[in-house]
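J.: Following this message is one structure expressed as structure tokens.
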Amino acid sequence: MKAILLLAIFSVLTVAICGVSQNYGNVRYNYTELPNGEYCYIPRRRCVTTEQCCKPYDTVNNFAACGMAWPEDKKRKVNKCYICDNELTLCTR
């Protein structure tokens, strides 16, 4: 019983000291219709140009891009939509 109590106290102290990490991958984006009648491509979807990708709501701190990435089959690189943070240089994948 004493070991369980010590483990619980240690866990609480660890969380209090280290904190909970933020998930920067969840940037909200504006799902809108494009001029050609299609809807914009969500992050991680294949794209040809950046104009096809959904733009973030916060355009001051974030931007959308179409960049190269390895697909799941890892045969060749493909273009995928990303939303990136200007300051942290983190992109959703």
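Here the Cβ of each residue, glycine as well, is placed from N, Cα and C on the backbone.
Keep in mind the model is a prediction, meaning the values are calculated, not measured.
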J.: Between CYS81, CYS91, which residue forms the disulfide that Swiss-Prot gives for CYS84?
T.: CYS91
J.: Taking only same-chain residues 6+ apart in sequence, whose CB is under 8 Å from that of CYS91 (disulfide bond), what do you get?
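T.: Sequence-distant Cβ neighbours: ALA65, GLY67, TYR82, ILE83, CYS84, ASP85.
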J.: In angstrom units, rounded to an integer, how far apart are the Cα atoms of CYS54 (disulfide bond) and CYS66 (disulfide bond)?
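T.: About 10 Å separate the Cα atoms of these two residues.
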J.: Distance between CYS81 (disulfide bond) and CYS53 (disulfide bond) at the Cα atoms, whole Å?
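T.: Their Cα atoms are separated by 6 Å.
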